[in-house]
Ligand SMILES: NC(=O)C[C@H](N)C(=O)O
């Protein structure tokens with residue numbers, strides 16, 4: 001018999017119309033549809049809508065997974081879809097286990113005609129129990145597509161087909177009758193593990209726009225141990241930001257430049273004031289292919305491990321995640 005752990009954390013996959021107030025809220029955790037030959041153990045460390053999930057919850061989840069991994073062949077985490085990619089990437093950074101960990105959720109709740117919970121849960125369970133899923137780091141499974149935690153992102157607010165992210169799925173699961181057909185399109189990769197015992201650092205994200213003159217920058221800088229900016233295009237900003245960023249990096253505090261564009265790397269191409277090449281010259285760190293909220297988690301983890309500006313720059317530059 002195979003052993004599967006299912007860790008329920010809330011989200012729409014656990015939600016129904018609220019009996020005591022407006023809207024839809026997390027209630028009872030869903031059960032995994034029949035899996036012959038599999039012993040399922042259920043856990044529920046919290047039951048939250050995912051906008052209420054914090055890095056502290058992610059850290060607790062990582063500890064629970066490391067504790068359960070040696071006794072199970074696979075682990076499924078059900079999670080709200082709004083911040084699922086952040087939890088997936090946090091687990092990608094912090095988990096050492098080779099046991100497959102698969103995150104899934106649903107876009108429709110249990111009382112809707114198009115309830116997508118049971119199918120996603122069954123797909124996730126079969127992916128988690130598949131030997132080819134070992135050593136790939138946490139995966140996200142939605143609608144039969146299997147995504148890497150680094151690239152997966154929510155691309156639609158309401159559609160059942162809500163997940164994507166450049167360059168797309170790394171695998172696919174389909175079923176014919178009871179048998180699962182699983183294909184991966186990439187080999188598993190070795191990855192470094194960053195496991196902070198706690199997360200004392202404070203990192204904020206600023207979002208760039210045409211005409212931004214740095215409003216809010218000084219306040220965010222004063223509160224933070226590091227900043228992430230969702231910049232424009234390949235990682236460019238209005239000229240007014242250049243001296244502000246130079247001052248922050250000179251003080252030894254990291255400023256990571258991500259992009260608000262939905263795909264592609266941040267690279268230092270442009271040499272006009274605020275262009276990516278000038279930001280890098282001023283000490284800013286390009287986020288590579290990570291979106292701003294994933295770059296924030298990497299920076300939070302590295303700062304919480306006590307890494308300095310040079311070491312943080314090396315991790316981002318080498319793509320060591
Ligand atoms: N589909 C969902 O799960 C959305 C929900 N707001 C959540 O993230 O908890």
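Each Cβ is built from the backbone N, Cα and C atoms, and glycine gets one as well.
Residues or ranges marked as domain 'L-asparaginase N-terminal' by TrEMBL: 3-174.
In terms of DSSP secondary structure, the region 'Disordered' (7-29) contains 3 helix, 9 strand, 11 coil. Annotated region 'Disordered' per TrEMBL: 7-29, in sequence order.
If you draw a 10 Å sphere around the CB of residue 12 (active site), it holds 26 other CB atoms from the protein chains shown. According to TrEMBL, the feature active site maps to 12 (among others).
Among the features that TrEMBL reports, active site, O-isoaspartyl threonine intermediate is placed at 12.
Under a cutoff of 8 A between CB atoms, and with a sequence separation of 6+ in the same chain, the neighbours of residue 82 (substrate binding site) are 11, 49, 50, 51, 154. Residues annotated as substrate binding site in TrEMBL: 50, 81, 82.
Over all protein chains present, the Cβ of residue 81 (substrate binding site) has 23 other Cβ atoms lying within 10 Å. Taken from TrEMBL, the feature active site applies to 81 (among others).
The domain 'Asparaginase/glutaminase C-terminal' annotation in TrEMBL covers 202-316.
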What are the DSSP helix, strand and coil residue counts for the domain 'Asparaginase/glutaminase C-terminal' (202-316)?
44 helix, 20 strand, 51 coil
Near the Cβ of residue 50 (substrate binding site), how many other Cβ atoms are there if near means within 10 Å?
21
Other than its close neighbours in sequence, what residues sit by the region 'Disordered' (7-29), given a CB gap under 8 Å and a spacing of at least six beyond its ends?
42-50, 53, 57, 61, 64-65, 68, 75-82, 84, 87, 104-111, 117, 120-121
Could you please provide the mean pLDDT value for the domain 'Asparaginase/glutaminase C-terminal' (202-316)?
98
Integer Å distance between the CA atoms belonging to residue 12 (active site) and residue 81 (substrate binding site):
8
